[in-house]
Each structure stands twice: as structure tokens, then as C-alpha cells.
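Pulled from Swiss-Prot, these are the features on record:
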| type | residues | note |
| --- | --- | --- |
| SIGNAL | 1-18 | signal peptide |
| ACT_SITE | CYS79 | active site, nucleophile |
| MOD_RES | CYS79 | 3-oxoalanine (Cys) |
| ACT_SITE | HIS139 | active site |
Amino acid sequence: MKTRYFLLLGICMLSCRTDEKKQVQKEVDKPNVLFIAVDDLNNMISPIANFSNIQTPNFDRLAAMGVTFTDAHCPAPLCGPSRSAIMTGLRPSTTGIYGMTPDNKIRRDDNEATKDIIFLPEYFKKNGYHSMGIGKLFHNYAPDGMFDEGGGRVKGFGPFPEKRFVWDGFGTSKSRKGQYGRTNTDWGAFPESDTLMPDHQAVNWVLERFNKNYKQPFFLALGFQRPHVPLYVPQKWFDLYPLESIQTPPYQSDDLNDIPPVGLKINDLPMMPSTEWAINSGEWKKIIQAYLACVSFVDYELGRVLDALKNSPYAKNTIIVLWSDHGYRLGEKGTFAKHALWESATKAPLFFAGPNLPKGKKIDAPVEMLSIYPTLLELSGLQAYARNEAKSLVRMMQKNEGLKDTYAITTYGKNNHAVKVDGYRYIQYEDGTEEFYDNASDPNEWINEANNFKFKSKIEALKALLPKTNATWDAESNYTFQPYFVEQKTRGNVNAAKAVKVIGAER
């Protein structure tokens, strides 16, 4: 009897261990996620626009590994609200997060939209993933406790020389006593070595993670700070781009003559260099040279990451997503900044690579960066999160589904929106004034066709896609270095906007 009892007990224990082993194996078999954010990266890279013969071989390499979206658009053309939207899966018009919001203040009890939201990295953590992150991921780094292993972020966008090279950071705001702050914008060769750059140090940290063994699948996030201003990288990256070889983007000095007043107010950026200033001072090509140099530096660091992943045990079972928070204008529409609802400010690179995805595929249909959250969940075999406001792109990548009816929405402040569909862009401002562009015939968006009867039905169709919700500015969200948004928040909220002394001081 006892023998029979112990035999049954042994069988039960063996069965339990087998089930436990199967469960562990099931967890390990889930794909890992390598999540890469690049700050202020526009579509000039070689696998998309290949502007001015830019040298970005590792972006080409990533494109060959998976799917490149050539017409992806940001939730907002500003770091803070764009990243908050991507990490929550919620539109700025839903949350009221239109400006810069401290990472720990995004999810709060007094914001009905975000009070119980699950951030993207958290969703993986809650589903058995080991979460890790370093660099600029949210507006600063990340909310407290976001990662099992966190590398943090070097504050600011340094290192900095003792004295700025060209731009004082105030621009015309000096005449307003600097009341709208000071930008980090400047350009020049600095420091002497890549090893002094925070992005290089962050990649070193990531490479250490690839050398470890994990019992769980991992979610590993890396946030690059360049090519965000200041446009400082070592001289060797500038040497790739002799000034005589630099192209400048198309520009018309009277381009803004048909823009509604709200659009002009939004484009009033007193601290930033204007295109006219850049032309007259001879600095235009130098600014572009510095931007291209910064992008090539990031490309090199990306190559280090791809090499390390390739040589790791995780090479065949890791999903890669690389994205930027918005585009960046290099003289288009009169300035050097993101900060607008036009194509050059909202469009940015988006790549996916990994198991069960085609290689070397390009998709030219407009899509949203907001789709990153649901797309990663589906690729990882995780249950969809009902709070996500955008659609997964998996079927589009795998089967070309949804190419004809896809669109992208960008929001900039309360009730200012752009809608991009294939070949057209519609912009509506809070006062109902409009812009409409036929991108097929007018890729530079120089001719506002909003009053052209020829496009009436198309305009109405795009207008129907605008968000139906336009939340009041979140109390903790501020954008006080731009005159129009200071006025908009103060006008629409009881509490006035809080002062910000320096652009990027909290980044």
C-alpha cells in the first residue's frame, strides 16, 4: 500500500515538474523586444529619402532585416506629448497631454484618461517579461519603477563646450526679455570622442544586457538623444559631409502667405533660427551638415547594437522596433524645428523587424506611431489592450491588409489636428480655419488648397476623421516656450501655465 502511495506521489511530482518546465519553456519561447527611440530623426536617412547622400548604412541594414514605413506620422510634433501618446496608446486629444509633462505625472488620479493606464513597457512586464531601459524614452527617462533594470539617463543633451559655437539660444526672444526661454539649438564639432557621448554610453549598457542569460523573455528599451539639438558630435562625423556637397531642402520665402493666423502663431518660434537668417548668415548648409553628422553618429551606434544582437543567443527570437518621436525641419516652412502640423514636422522613420515579418519590405501608406503599442502586442502573441486607440500594423506588414483605408492623425495643442491619407494632408485649427495639400502635385506643401472647390469632397472626408474628443489641457502639461500655447492653455484652463526657463532643461 505504502509502495503504491509513494509511486503515485512520485508520478504527481514528476508531472508537476514537467508542467512547470513546459511553462518556463513557453515563457522563454516568447519573442524578446528591442525597442529603440531616436529623438528628432526625420526621414532624410538613406533607406527612405536618402537626402544629400546621407551615410546611414545601419539604417539600410535594419530596413533589409524587416519592414520600413516611409510615411509614418507622430501623435504630436513635440517630444513630450508624442512620447506620452506612444507609451500610453492614447491620443493627446484624449489625455489633454499637449505639452511637456513630468514622467511621474502622466498617470494621475485627476486625469480620467490616464489614471489607470498601463504603459507599454509595463504591459510586457505584467505578462512575464523582464523589462529594461536606458536613455530618453518618455519625455525625460521613464516613470519610477518602470523597469526591472534601469540605466537611467544623463540629464540634458550634453556634453557642452564652454561657449556656444554659433547660436545664443534666445534668437528674437531677447527683445521680449527672454520670456519664452532659451533653446539648446547650436551646431559644431564637439566633443573629441564618441565615448564622451551619452548615446555611446547607453549602447555600452545595452551590449552588457545582451551578454546576460535571462529565464524570461525581455523587453529592452534604448532611447537615443541625438540628433536632438544641440547638434554636437565629434569632428569625424562632420568630415563625412563637405559643405560643398550639402543640399538644402526646397524653400520659398513667401510660402506662408496662405496660412491661417493660428498656423502662423504656432510657427512663431522666437528662439529658433529662421531660414532667412540662415541664408543671409551663410549658416544654412552648416546647420544641415551638423544634423547629418549627428544622424550618422546615431547610425554608427545603431550598428553596434545590431552587431551585438546578431552575435547573441537572442538574434533569431527578437522583435526590433525603431521609431522617432517626430520629424524635424531644416529650413522648410521658414525655420529649424519640429513644432508644426506640416509634413516635414510630423513624418518620421518607423521600422519593424523580427520573427514572422517580411524582409526588405517598404510600405508607403500613411500610418501612425501610435500603432507601435498594439503592433508589438500582436507580434509578441500577447492579448490586445482594449485601451489602445490605434490599430496594429501586423496584417499590413504580413498581408498588405488595410493599405487603401489607412490614415494618420497628428495633434498639436487643443483642437489643432492634421490628417494624412495617401497623397493628401488636411489641417484644421481650433478656430475652424483650414489647410489642405495635394501632396502628389505639391510635396512641399506650398499651395494651400483649402478653398479650392475641386477638393471639397476630399476635405469633407478627411474632416470626418478628426478626433471627436478634445480634452482640456492636463494640469501638469505645459508648453511655455511658445507664445501661442501659453495663451491657449491659460485661456482654456483655470490654472495658468507654469514657467519654463530653458527649453530642454527638464529633459
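For all residues, glycine too, the Cβ spot is worked out from N, Cα and C.
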Worksheet item: Between the residue listed as 'active site, nucleophile' and HIS139 (active site), what C-alpha distance do you get in Å?
Response: 6
Worksheet item: Does DSSP put HIS139 (active site) in a helix, in a strand, or in coil?
Response: coil
Worksheet item: Does DSSP put the residue listed as 'active site, nucleophile' in a helix, in a strand, or in coil?
Response: helix
Practice prompt. Find, for the listed active-site residues CYS79, HIS139, the residue with the lowest Cβ contact count at a 10 Å cut-off, counting only other Cβ atoms.
Written response: CYS79
